[in-house]
Amino acid sequence: MGACMALCSLASCASCLCGSAPCLVCGCCPSSNNSTVTRLVFSFFLLLGTMVSVIMILPGMETQLRKIPGFCQGGTTILGIENQVKCDVIVGYKSVYRMCFAMACFFFLFSAIMIRVRNSRDPRAAIQNGFWFFKFLILVGITVGAFFIPDGAFNSVWFYFGLVGSFIFILIQLILLIDFAHSWNKIWVGNAEETQNKCWFAGLLSFTVLQYVLAFSAVVLFYIYYTQPDDCTEHKVFISLNLIFCLIISVVSILPKIQEAQPHSGLLQASLISLYTMYVTWSAMTNNPNLRCNPSLLSLVLHANTTQPSASPDSGHVQWWDAQGIVGLIIFLFCTLYASIRSSSNAQVNKLMQTEEGTGYGGEGVVGEDGVRRAVDNEEENVTYSYSFFHFHLCLASLYIMMTLTNWYQPDTTTQAMQSTMPAVWVKMCSSWLGLGLYLWTLIAPLIFPERDFS
């Protein structure tokens, strides 16, 4: 009897995995829309690939694999069995490059397939919203194939793909943060006006002050630890420029004409953007190959001599995990989840993100004839987001993960070492400047084009 019930349950799961509705996830989220569940599942695929990359880059992983008899070339052998696996490829930065290459190809493939899907009646929408088992097999197949790519110029070329993709993804992160801050401010102000409870305003004021305190504290720390009286000119310029730009957007956001055109703009958004800008500035400075200007976090905590770092970039021993990388992963996870469930009323952000104003989770899961709960199809008339752009966003996220996990180091094919490079520094700084310019544009655009609707 128990075996029969198990088979029925397995058949039910198979229908979800191979069918046109993600009912497995809907079972956990009984009130959900098809569009939301689909984005969450694809985001889970990205998170799964990220977790595999993290495991493969853990310190000592190659040493542990070499202990497996008959597995790694040059490792422990078994009589009569020739070791075939190149463990230096399946761990370390090479594994991250290949895993993220596979994810980028997977999402780019779906981005190309889903171009100009208008509603769920398009046959391609069934592919987007179902057949999860087969899509997972495709991802696994691409991943396995990626590990057979010979080294050659692949690592060096893919590094520059990662730079460009990460540059664009940082801008998308900033757009999502702007949208989050606008929605946050709008909801809390609305609650304050409806309930006449001043605690909402106090909360907004507290978070605004906290974010500004953190941002300007970071500026002070940057000048103390990431500059030298006779060196680090680039850092001094980066810090000073971004400080000035943050002050400019803060002042502009509260100008009377700006407030008249955009009542929901204010210091909350400006403070969040300023804090994020300082994070990007810090992240950029940690990639400076000049170690006098780039002390390790450990040396700062232990008050060690920053002019005598423990590891040289030429030694081939690199620090994969550091604070800026961990913060980058946290921001990535937040933005990916937010992009999956967001339902914005901001017209400017919706145009940039290729989405439409929606209702988020708002549907009730329906139960089919087989008793399985499925998500509501809320895209019969029009899709609520661009399928193609969403996959392109995840493709860029894969490249960003690759660069973050490898600390933006550039592989040197001649010495087989990983080195910090100035191109990574300039990519991050340019993205921060472009992001600040983009936010400034969202503030002044309604004044320049008053006939257009920017609400």
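Cβ coordinates come from backbone N, Cα and C, glycine included.
Bear in mind that the values here come from a model prediction, so they are computed numbers and not experimental data.
Annotation comment: TrEMBL describes 1-16 as signal peptide.
With a cut-off of 8 Å between Cβ atoms, the residues of this chain six or more beyond the transmembrane segment (41-61) that come close are 22, 25, 90-93, 95-96, 99-100, 102-103, 106-107, 132, 135-136, 139, 143, 320, 329, 333, 336-337, 339-340, 390-391, 394, 397-398, 401-402, 405-406. Per TrEMBL, transmembrane segment is recorded for 41-61 (among others).
Nonlocal intrachain contacts for the transmembrane segment (96-117), taken as residues 6+ away from its ends with a CB within less than 8 angstroms of a stretch CB, comprise 42, 45-46, 49, 52-53, 56-57, 89, 124-125, 127-128, 138-139, 142-143, 145-147, 149, 154-155, 158-159, 161-162, 165, 383, 387-389, 391-392, 394-395, 398-399, 401-402, 405-406, 411. Taken from TrEMBL, the feature transmembrane segment applies to 96-117 (among others).
Feature annotation from TrEMBL assigns transmembrane segment to 129-150 (among others).
Residues or ranges marked as transmembrane segment in TrEMBL: 156-178 (among others).
Residues or ranges marked as transmembrane segment by TrEMBL: 199-225 (among others). Sequence-remote contacts of a segment are chain residues at least 6 beyond its ends whose Cβ falls under 8 Å from one of its Cβ atoms, and for the transmembrane segment (199-225) they are 185, 188-189, 191-192, 235-236, 239, 243, 246, 267-268, 271-272, 274-275, 277-279, 281-282, 285, 295, 300, 306.
Look at TrEMBL and you will find 237-255 (among others) tagged as transmembrane segment. Sequence-distant contacts of the transmembrane segment (237-255) (same chain, at least 6 residues past either end, Cβ-Cβ under 8 Å): 215, 219, 222-223, 226-227, 265-267, 269-271, 273-274, 277-278, 281, 284-285, 429, 432-433, 436, 439-440, 443-444.
The transmembrane segment annotation in TrEMBL covers 267-285 (among others).
Per TrEMBL, the feature transmembrane segment maps to 323-341 (among others).
The transmembrane segment feature in TrEMBL is assigned to 383-405 (among others). Panel annotation: around the transmembrane segment (383-405), residues 33, 35, 39, 42-43, 46, 49-50, 53-54, 57, 96-97, 100-101, 103-104, 107-108, 110-112, 114-120, 124-125, 128, 158, 161-166, 168-170, 172, 320, 325, 328-329, 332, 336, 339, 353-356, 358, 424 of the same chain, lying at least six beyond its termini, place a Cβ under 8 Å from a Cβ of the stretch.
What TrEMBL records for 425-449 (among others) is transmembrane segment. Same-chain neighbours of the transmembrane segment (425-449): 163, 166-167, 170-171, 174-175, 178, 234, 238, 241-242, 245-246, 248-249, 252-253, 257-258, 261-262, 265, 269-270, 273, 276-277, 280-281, 283-285, 287-288, 348, 408, counting only residues six or more beyond its ends whose CB sits under 8 Å from a CB of the stretch.
Long-range contacts of the transmembrane segment (156-178) within its own chain (CB-CB distance under 8 A, at least 6 residues past either end) are made by residues 97, 100-101, 104, 269, 272-273, 276, 280, 331-332, 335, 338-339, 342, 349, 352-353, 393, 395-400, 402-404, 408, 410-411, 413, 423-424, 427-428, 430-432, 434-435, 438-439, 442. Sequence-remote contacts of a segment are chain residues at least 6 beyond its ends whose Cβ falls under 8 Å from one of its Cβ atoms, and for the transmembrane segment (267-285) they are 170, 173-174, 177-178, 180-182, 184-185, 204, 207-209, 211-212, 214-215, 218-219, 222, 226, 235, 238-239, 242, 245-246, 249-250, 253-254, 293-294, 324, 327-328, 331, 424-426, 428-429, 431-432, 435-436, 439.
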